Amino acid sequence: AAGGGWRCGRGADGAALRWCITGALCASFLGLGMSIAVLGPTFPNLATNVRKNVSDIYYIFVGRSLGYLGGSVLGGVLFDCMNASLLLALSMLATTAGLYGIPWCKESLLLTILMSVIGGSMGILDTGGNVLALNTWGSEAGPHLQALHFSFAAGAFLAPILAKMALRGSESEELAGAEKTNRSVLKSVPTASPASTTPAPKDHHNEEFLWSYIIIGTYIFFISVFFFVLYSKGRSARDKSNTSVQKGTLAKYHWPLVGLLFIFFLFYVGAEVTYGSYVFTYAVVFAEMTESEAAALNSVFWGAFAACRGVAIFGAAFLSPGTMILMSLLSSAASSSALAFFAHYRASLWVGTAVYGASMATIFPSGISWIEQYTVIEGKSASLFVVGAALGEMCIPAVVGYLQGRFHHIPVVMYTAFATSVMTVLLFPVMYKLANAPQENDLKEVSDSETRKALLSNSRFTEDEEDEEDVREWNDADFEVIEMNDKLKNSLTDTSCRTPEDSPAEVSLQPRLDDVLGDSSVVAGGSPGRQNGNVDWEKSE
């Protein structure tokens with residue numbers, strides 16, 4: 001990888017730089033959310049721009065989704081061998097170019113190509129942004145990942161508002177222009193038909209409405225400039241954290257764990273997008289709500305989703321990722337059960353929708369933070385997570401739409417929410433078991449430590465036995481000396497009885513006897529008594 005190799009976590013400058021990187025990533029994810037969400041409210045205008053009906057350009061969604069998948073995979077590969085700041089800057093620059101070209105695109109094929117380019121660059125940004133946050137903050141990345149995905153939700157919330165603002169401005173100008181045109185036409189050509197006056201204002205209205213793409217593109221362009229500045233200084237957080245990442249070890253079941261999380265995100269994101277897309281239709285058809293009430297119910301879901309992501313930024317500082325996932329899964333299971341079996345009650349429908357939206361908010365960022373605690377997450381692994389999420393977003397809503405068309409009397413969307421919740425609840429304990437499986441090195445260390453303990457205990461036992469044998473040998477030797485001293489004393493007594501008069505032998509033996517008897521007190525202490533006794537006995541002979 002290119003760039004410098006210093007660690008951003010050292011000193012005040014390093015801490016400030018890490019916060020700058022987090023701010024830039026949050027700003028880029030805000031633009032990512034706006035880029036994705038702006039397509040919905042501007043879709044009819046895009047169809048008008050390329051002179052097609054709305055039903056005839058559905059393939060631009062397919063093109064963007066395929067580009068998103070390809071960009072996620074490509075970003076995972078490039079992120080492991082390329083400077084992170086440069087890669088993110090180039091991807092956002094490509095997004096800017098695509099957004100700038102859309103308002104003047106008059107061909108459906110060119111529009112599809114631009115959408116694919118935008119999707120690919122957004123896939124690179126989504127993959128690289130998550131990995132860059134992990135590499136920058138390490139074990140402290142939880143709140144920052146929550147902030148990234150909250151920024152995405154905020155961008156998706158702001159895009160329709162921005163489009164409506166452009167629509168209102170164009171409508172006011174259109175009404176004023178139409179009024180002036182009608183007056184001039186009526187004065188000059190009294191027999192003019194109304195149809196002859198409409199095309200120009202309509203095209204003007206369409207162009208004004210598409211200015212929202214220019215605004216979003218300009219915003220993303222400034223963020224890309226900031227990442228280019230980071231690259232010019234050689235201060236890529238990917239390179240800074242390279243050493244710490246390389247020191248990490250892969251989990252014993254790394255790829256099975258990544259594969260299960262891929263499936264986990266597929267069901268989770270698919271359920272999230274499916275419910276958000278079909279709850280309006282369910283409210284109108286099955287709950288018999290008015291369109292305004294159904295729209296309010298839809299807003300409750302996305303509002304609770306965005307609000308809970310904002311709260312999770314602070315909650316992640318106190319709760320572990322595993323705890324947050326467990327709380328979300330339990331809330332999701334409870335709320336989806338209420339929606340699947342008790343949605344005919346209005347209160348259950350409203351409360352269940354709010355709780356379900358809130359429970360879905362933190363799962364994706366918490367899942368990435370959770371798996372990072374057990375194994376190394378690089379570009380390829382993160383790309384699989386994003387691809388799983390994108391496949392869920394593509395496939396599950398399509399399947400639900402097909403089934404709902406076949407079975408009109410069954411609320412497929414509610415049963416889908418319940419089924420996906422059950423799947424995620426079952427998958428997480430399996431992933432937790434695999435993540436906590438002991439490594440072979442850990443097992444070897446445990447066996448080595450047990451072997452060392454056994455050897456130590458055996459050596460202590462052997463030493464105790466040797467000490468006891470030494471004590472017994474010394475005690476036996478002491479008793480032998482005492483017996484020799486008694487024999488010596490008795491022999492001297494007999495000698496004194498035999499010689500009535502003092503002789504030189506008696507005089508010479510008496511002091512030695514006193515010495516021997518005096519040394520008997522030392523005999524009880526060990527070898528000196530035994531050695532002295534033997535020496536004196538040899539001299540007396």
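Glycine residues also receive a Cβ, built from the backbone N, Cα and C atoms like all the rest.
Marked as transmembrane segment by TrEMBL: 16-37 (among others). Within its own chain, the transmembrane segment (16-37) has Cβ neighbours under 8 Å at 8-9, 88, 92, 95, 99, 118, 122, 125-126, 129, 132-133, 136-137, 144, 147-149, 151-160, 162, 216, 219-220, 223, 226-227, 230, 235, 237, counting only residues six or more beyond its boundaries.
The transmembrane segment feature in TrEMBL is assigned to 57-79 (among others). A Cβ distance under 8 Å defines the sequence-distant neighbours of the transmembrane segment (57-79), meaning residues of its chain 6+ beyond its ends; these are 39, 46-47, 50, 87, 91, 108, 111-113, 115-128, 131, 238, 378-384, 386-387, 390-391, 393-394.
Positions annotated as transmembrane segment by TrEMBL: 86-103 (among others).
Nonlocal intrachain contacts for the transmembrane segment (109-133), taken as residues 6+ away from its ends with a CB within less than 8 angstroms of a stretch CB, comprise 21-22, 25, 28-29, 32, 35-36, 46, 49-50, 57, 59-61, 63-76, 78-79, 84, 87-88, 91-92, 94-95, 97-99, 101-102, 141, 144-145, 148, 237-238, 368, 377-379, 382-383, 385-386, 390. Marked as transmembrane segment by TrEMBL: 109-133 (among others).
Annotation comment: TrEMBL describes 145-163 (among others) as transmembrane segment. With a cut-off of 8 Å between Cβ atoms, the residues of this chain six or more beyond the transmembrane segment (145-163) that come close are 22, 25-27, 29-38, 40-42, 129-130, 133-134, 209, 212, 215-216, 302, 305-306, 309-310, 312-313, 315-316, 361-362, 364-366, 368-369.
The region 'Disordered' annotation in TrEMBL covers 178-202 (among others).
According to TrEMBL, the feature compositional bias 'Low complexity' maps to 188-200.
The list of residues near the transmembrane segment (210-232) in space but at least 6 beyond its ends in sequence, with Cβ under 8 angstroms from a Cβ of it, reads 3, 21, 24, 27-28, 31, 34-35, 38, 42, 45-46, 49, 83, 85-86, 88-90, 92-93, 95-100, 102-103, 159, 162-163, 166. Taken from TrEMBL, the feature transmembrane segment covers 210-232 (among others).
What TrEMBL lists as transmembrane segment is 253-280 (among others).
Marked as transmembrane segment by TrEMBL: 349-371 (among others).
Taken from TrEMBL, the feature transmembrane segment covers 383-403 (among others).
Here TrEMBL flags 409-432 (among others) as transmembrane segment. When Cβ-Cβ distances below 8 Å are used as the criterion, the transmembrane segment (409-432) is approached by residues 257, 260-261, 263-264, 267-268, 270-271, 274-275, 278-279, 281-282, 286, 322, 325-326, 329-330, 332-333, 336-337, 339-340, 343, 356, 363, 371, 396, 400, 403 of the same chain, each at least six residues removed from its ends.
The region 'Disordered' feature in TrEMBL is assigned to 492-541 (among others).
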